[in-house]
Each structure stands twice: as C-alpha cells, then as structure tokens.
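Taken from TrEMBL as is:
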type: TRANSMEM; residues: A:12-31; note: transmembrane segment
type: DOMAIN; residues: A:94-296; note: domain 'ABC transmembrane type-1'
type: TRANSMEM; residues: A:100-120; note: transmembrane segment
type: TRANSMEM; residues: A:132-160; note: transmembrane segment
type: TRANSMEM; residues: A:172-191; note: transmembrane segment
type: TRANSMEM; residues: A:212-236; note: transmembrane segment
type: TRANSMEM; residues: A:242-260; note: transmembrane segment
type: TRANSMEM; residues: A:272-292; note: transmembrane segment
C-alpha cells in the first residue's frame, strides 16, 4: 500500500511538471502578451517599451530558467493581466468551481444511481422506459443550450431563480443543474446496464434460490459489484468537469470560477496565470485519480493496488 | 378580477419585488468581465473604464457629441510654447477620501502614469507626455517631448488620482476619485457597487447607486434584462434588438477596415485596389449584418466625429461591373489574393470578412481567406517583413483624432500599415507635431485624400454602439461610448 502511494505520488509529480512545461512553451509560441494587452493602434516603439517594462524582451532561454527556478519555489509569478500573484487569483476562484462541481455532481449521483437501479429492476418495464427516454434527452442536449433554456424557463419566464451571477444558494441551482444533467444521464444509463448484468449473474440466482430477500441481494451484493464501473465513470465525470468542462456553464451563468479565469488568461496570453491554473488543475486530477483507486479497493476488496 | 388573474398578478409582484433593487433609483449595468483593478491608470480595459469613468475625472471632458470641454480644468488649456500647455484648475474640488484636487494631484497623476516601472498600458495613448510642474495651487503646466497638438485629447484620457493615497496598495481595491460616484462595495466575482457622491462639485447625481455585474455571454445579458435584473447592457447583438424592452444606438468609435499591401503582387496595382473597394456593397453589409446599425465608411479610416476627418471624401461607390472591368484591365482575373482575419473579437467579424471575400470573388479575384486564432492573427498584423495581401482590422478611435488611426494603418513602419509610402509617413509624422490647427487639418486632408485615391485601405463600416435598456431607464448614449451614470435617470 505504502509502496503504491509513493509510486503514484512520483508519477503524479512527473505529470504535473510535464504539463506545466508544455504550457510554458505553448503560451510563448502562440501569442505575444504585449500585442494582446496594448491597444491595436499602439506603435511598434510603444510595444517594445512595454515589453521591456514587463521583462518580456529577455531571451526565451533566460525567461525559461527564471520560470523553472520560481516554480521550484512554488512561485508562479504575477499575472500579466491582473498584476497580482497568479496563485492568489487561482485560490480565490478555485472554491467557486469546486462548489459548482460538488453541487452538479452531487445531484447527478444522488439521482442517477437510484434511478438507474430502479430502471434495472424490470428492464423494459414502465419505469425503465421513462428513465431511459429521459436520460437519452439528457445525453443529447448541448450544455450551453440546456443552460439557456433553463434560464429562459425558470429565470426569465417563471422568475424562480436569478438569470446569472453568484452569491446565494438560488444562484447555484440552474448552473448546477446544467452541469449535472448530462452527467446524471450517463450515470443513470451505466448503473442500469451494470445492475442488469449483475442481476443475471449466477450468484444472484443462487441467492434468490436460497430465499434471501431481494433488497438484501440488490443492496448487499449486486449493487456493490455494479458500482465499480459506475465509480470509474463518476471519476471521469469529475475530472472532465474539473479539467475545463465547467467553462461553458460558467460562461452562460457568469459564474466567477476557474474556467472563466482560464478563458481570460488565454485571451490575454497571460502565461503566468495559465501556468498556475494548469498546475492546480493537474494536481487536482492526480489527487482525484488516487482517491478513485483507493475507493475501488474499499468497494471491492479483491482489487489489488500493488 | 378573476382569481387566476389575481394569483398571476401576485406572482408577478413577488417576482418584481425579488428582482428589483430595494431603492427605486438604483440601477444595474452589465459589463463583460470583472475589472482586475480599479486603479484607473494601469490598464487599457473597456470594462474597467465603464466603472472608473464614474469614479474618476479628467482635466478635459467631452460633451455627448464628442466636443472637448473643461472637466476638472476650469477652462480649455493654453499652449504657452510648442512643448508646454498650461491648465487652470477648478477650485474647491476634493477626492472622495478628502484629499484636495489641486496642482499637486495633477503633477502626481502625470508622474505616476508615465513612470516606466509602473508599466501603464495607457502609455499607448500618452507617450508624448514628458512631465508636469506646478505653477501655483490651481495652475499646472504639462510638458511634452515633441510638439503635440493632441495633448488636450490625451488629457481627456488621463484620469486624475489623489497625490498621496494613490501610492497606497489599497488604492486598486478601494478607489478615491473626484467623480459623481464613489465605491460602495466590491464583491469579488459578483459585482461592484457605487453610490452617489453627495459632495460632487457638479451637483449630486440623480441616480443614487449603480451595481455593475460581470456577464460575458451576450445571451445571458439579454436574459438578465428581460428578467428585470439589469437596466443597461452594451454591445447588444443586432439579432436581439426585437427581444429587449428598449434599445438605443449611437454612431460609435469603431471602424472596420481592410489594409491592403501595396508591395505584394496583384494588390500592388492601384486598379486592383480600387476594384477591391468598389466591389463591395457596404450598404447591404450594414443592413444584412448589423440590422442597419452601421454606416458605410466615408472612404477613410478617420471617424466622422474625429479631428482630421475629411468631409470631401465620399464612401466608395458600389459598382460591381466597373470592379470586374478594372480587375480584367489589370490582368488580375483569376489571380489569388489572401485575406487574413480573425473571429470573435469584434462584432460580426467573420461574417464581414467572408462577405467581403465573396464580393471580391465576384469581381474576378480568387480569394484565399484565412481566419486565424487571435494570437496568430496579431503576429501577422504586426509582422513587418511579410505583409498579407489584405488584412482585416477594426480601429477604435478613442481620442477622436486622426493621428492614431492614420499612424496605425497608413504610416509605413509604425504599426500595421502595408504600404511603403515614405512620403505619406513623413506627412503623418509632420501632422502629429503640427500645432497650428488649420495647417494640421489641411495635412490630414491631403493624407486621407491620397489614401483614398491610392486605395491603401478598404474602409468598410462605421459601426454604431447598440445599447439595450430597461423600460424605466432614460439615457442618451454618447459618441465616446462612456457609460456616465450621472447622465442617466429612471422613471418610476
């Protein structure tokens, strides 16, 4: 176990380092922040002077060494765009994105798993058909469109929630739904097929023949096995939301999270801020995958982590 | 009243009560992104200006139609020698934190913004300024490095900050200006609230408070307006004109243009360049893409409201037959022209670029359109060695003066000009330093006329700024696109 943790931590550090370096090179190759920041009609001389003031006229190699040196001391530098420490910006935006993911994803799991199991009880029954149809709708609608429709119906039409913004629980409802509905649909579908497969297993038939109550069979045995693939999917949902899928929802609902900040950093060619965002996101992904591995072990003790 | 009507009315009432701010004379305005600072001298950012234009003031201001007039200065400045301008200051004005507005504040404001260590993005507007000195408490002189006739317009740009407090790190978060509104609260990520300054030297404004919300997506802004959460939204997409409660438009600062290279094959022929101008039906573009909220540009990049606009030049005629004939005469039929642009930075940019490409194709050219990612687009826009045959750009004439647009688009070597006309470059430089108003105007007359005759540019449209408003807000938008809350009122 300890060996496993150490190995994964080392792997994780390599991933994070690799990703940040790629971002450094990519941001320097794609856009010149000075061109982005000054008005277009600024003269070549004005741009050169500004570049010098920001220290961006140094050779790329020199800048790269300085960057790596700072990174080793966990200093991400100041955001070019906002002129304050990049990591500070990331840390103020981070909780807002986590809040959104927790709400959207919590909703997806709390509804998706039981509904999927309910559908699996009687495949092709009434509940199954309703649930499968609903999840197909949830899977097919584009997220930005779903968000705008929710706004038109529940905010503009019925006035139940604010159209956008943040700061209260009622602000959270529509963005969380928009983020959660496609995830819920996927989780529901997978739980359904996974539970159906388990219920057809030999051990379930044996348990039924022995006269065990169905609820005990379902929750005590079948669900536990069926949840392993669901957990994999759930982990993927969290990671993909975390790695940038929230940006659509954040844009539609003017939610001040990390996704919007990343967009701003890209639009300003702000490599220092982007660097800090990517670092924190990569760290999060490494941690979530580690957590998932540990959860597998908890659900199914047969899984060997070493 | 039938019961269901009563219920509906009650529900409506509840919704309105929930959506409207507590005080009737508070309004909400949407801006596209959260300002990174409220220090008004640091960045060049329109969303930040939407807020700080109400907190801070400048020595000179503009009337809604664009005319320069005294602001914090008591009168228009006097030029006492080619490099020095003298400003008399308004008496009895103070900053929100109690510091007096006087010559010391002006000297400190100037010194602060031109300090290289401060690295202000606004130096692109102010780089001629060399310093300031106090004459007496209410008289100050501003010096330029070279003779600078645009200095008054620059002083309409430079916001005045308090001499002492502006050095405090807290200044960026908790600003103090001389303006009609002062900061009430800044909820990071959510909103900025300003409240009326009861001691404003120009008299307390009518609207008690204003809240700025940060909404990047155009559709979400319109939804906020329809739900009664917002009173004013700018940069409305023309498609939404029918959906919003109220809207208004005003000729804006932006002009779309295509810069043609005079050095590349095919476009080096003036006949081809003229054909590229008259092949375009600008009126149709304005109607189809902008719902009529744009005007064909008058054959030049200079804004019709700017100093140096040449009223002698008319918009290029739309004459597709002659365009085809000219291309044929030049032996360019079927030749390839590259048109470079971007998408998403300016309203309808991609649509405009593609439509222009189609008009050129009709005139007989083969048009190769490259829509680039914005960073790559900027690299090509500023690349001195490889000029694209044609590159799309939108110029915003913030100072309402011909110098910046002409320098950027037509002065060889200065920014993104694609000609190699040394003579014109010398004229533009001369006009920049010409302090005699009439002589300067005459120079711009010559420059714009030559640019027109030589078709160095394909000026497209003078765009209008479109605003959507709630029914209760009354406001007349300004030519300089400033959102001055003191000029607004609500009816209730």
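Just so you know, glycine gets a Cβ as well, placed from its N, Cα and C.
Predicted, not measured: the structure shown is a model, and the values here were computed from it.
Segment contact is absent for the transmembrane segment (A:242-260) and the transmembrane segment (A:12-31), given fewer than three CB pairs below 8 angstroms at sequence separation of 6 or more. With a cut-off of 8 Å on Cβ pairs spaced 6 or more residues apart, the transmembrane segment (A:12-31) and the transmembrane segment (A:272-292) reach 3 or more such pairs and are scored as touching. Scored by C-beta pairs under 8 angstroms, the transmembrane segment (A:172-191) has its highest count with A:100-120, from the stretches A:100-120, A:212-236, A:272-292.
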